[in-house]
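Database features (Swiss-Prot):
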type: DOMAIN; residues: 3-56; note: domain 'ClpX-type ZB'
type: BINDING; residues: Cys15, Cys18, Cys37, Cys40; note: Zn(2+) binding site
type: BINDING; residues: Pro125, Thr126, Gly127, Ser128, Gly129, Lys130, Thr131, Leu132; note: ATP binding site
Amino acid sequence: MPEKKGSSGEKILYCSFCGKSQHEVKKLIAGPSVFICDECIELCNDIIRDEVPAVEAGGKTSRSDLPVPSEIKTLLDQYVIGQDAAKRTLSVAVYNHYKRLKHMADKGKGEEVELAKSNILLIGPTGSGKTLLAQTLARMLNVPFVIADATTLTEAGYVGEDVENIIQKLLQNCNYEVERAQRGIVYIDEIDKISRKADNPSITRDVSGEGVQQALLKLVEGTMASVPPQGGRKHPNQDFLQIDTTNILFICGGAFDGLEKVIANRSEKSGIGFGATVKSKAERSVSEVFRQIEPEDLIKFGIIPELVGRLPVIATLGELTEDALVQILTEPKNALLKQYQRLFGMDGVELEIRPSGLAAIAQKALKRKTGARGLRSIVEQALMDTMFELPAMDGVAKVVVDENTIEDNTMPLLVYREQAKASA
């Protein structure tokens, strides 16, 4: 009851929500036949404050919230070493994409100039940072993100993943919030592996090549995808969630092995004459050749012209040098060395990898041609026995890794606390 009479006959007012009397709270605010106390108001404010960030994240990005290209590149620099040209291209493309969405929301449908979407194609060797760039962008912009492997996709009706499964995974990653999903980022890896197998498309049925490209084309250019609610399987009588993919940013990536030969052959044909500057194939690195890429090269490689046209922004990533790999080991916010130092620190042990050890790790990754992706397995292999035995050992203060540990698989040097004190 909002009000009651006390023993002395005075009218005592009560909070309609928590039931406390006017004597138990600081303030009681009256409304039409209801009362609310200051404590309930504070509780309501806390609830609203907790929900606002989630609403804002799902809502429209304001211009002030959107970092400019130079800020995007600076943030990418903290996680991705090198690849400056690719980072600049990506920063501009992502900024323009979300600026376009803001423009569409502000101007409405009556705007004369319609801004088209610019999806992105990343070309670079294995372990050069393609996936990490896309992941970092999505995390930075606080938008839903999903990675899809193009090699697992098949045409509808065949065994394998349907292309619409990509959108279903995107929805799952944002708790089935349709508005958020429609502004997300999709990264399709190994796009080069679904290239057309022959110049004549009518030779055989290519269920994991050109057919998948055609299916992806619809998603990339914008379509209404039908997705079962909460991850259910499709069946005829089911209600589907309709997702418009028009404003989803698609980033496709691949190593495109052999594309450099296609580009080199074209450039050799065009570079004939007295004024042509000729460089031998041995003098040109793969990254140098990739920088001369034209859409016709991708078509010759086996990507259908329609899909090439829907990926107008092309960013090429170079092969990582030994110095770049050493930087990747030590410099980024989540650098591999920092991660292992933290793991050893949990056992009260300091981990030191000497410069010679870092160089040996980088050289091994270069020999394996695995790029930055192969660094973890090399470090893991070198430290496996130590990590197995260390928790049961007493008195170890420091583990030191040098080039012998990496090259010859010898045990790292263990420094005990007594030795550390004596040397100090």
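FYI, residue positions are counted from 1 along the chain as it appears here.
Just so it is clear, glycine is given a Cβ too, placed from its N, Cα and C backbone atoms.
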CA pair Cys18 (Zn(2+) binding site) / Ser128 (ATP binding site), Å rounded to integer, equals 59
Taking the Cα atoms as reference points, how far is Gly129 (ATP binding site) from Cys15 (Zn(2+) binding site) in Å? 59
Residues sitting within 8 A of the centre of the Pro125, Thr126, Gly127, Ser128, Gly129, Lys130, Thr131, Leu132 CB atoms (ATP site), not counting those, run Gly124, Gly253, Leu317, Gly371, Ala372, Arg373
Whole-number Å distance between the CA of Pro125 (ATP binding site) and the CA of Cys40 (Zn(2+) binding site)? 59
Fewest C-beta neighbours within 10 angstroms among the binding-site residues Pro125, Gly127, Gly129 belongs to Pro125
Should Cys37 (Zn(2+) binding site) be counted as helix, strand, or coil on the basis of DSSP? strand
Out of Cys15, Cys18, Cys37, Leu132, which of these binding-site residues shows the lowest number of other CB atoms within 10 Å of its CB? Cys18
For the domain 'ClpX-type ZB' (3-56), the averaged pLDDT of the predicted model is 75
Near Zn(2+): residues not in Cys15, Cys18, Cys37, Cys40 with Cβ within 8 Å of the site Cβ centroid are Ser16, Phe17, Gly19, Lys20, Val25, Leu28, Phe35, Ile36, Asp38, Glu39, Ile41
Cα-Cα, Leu132 (ATP binding site) versus Cys40 (Zn(2+) binding site), nearest Å, comes out at 46
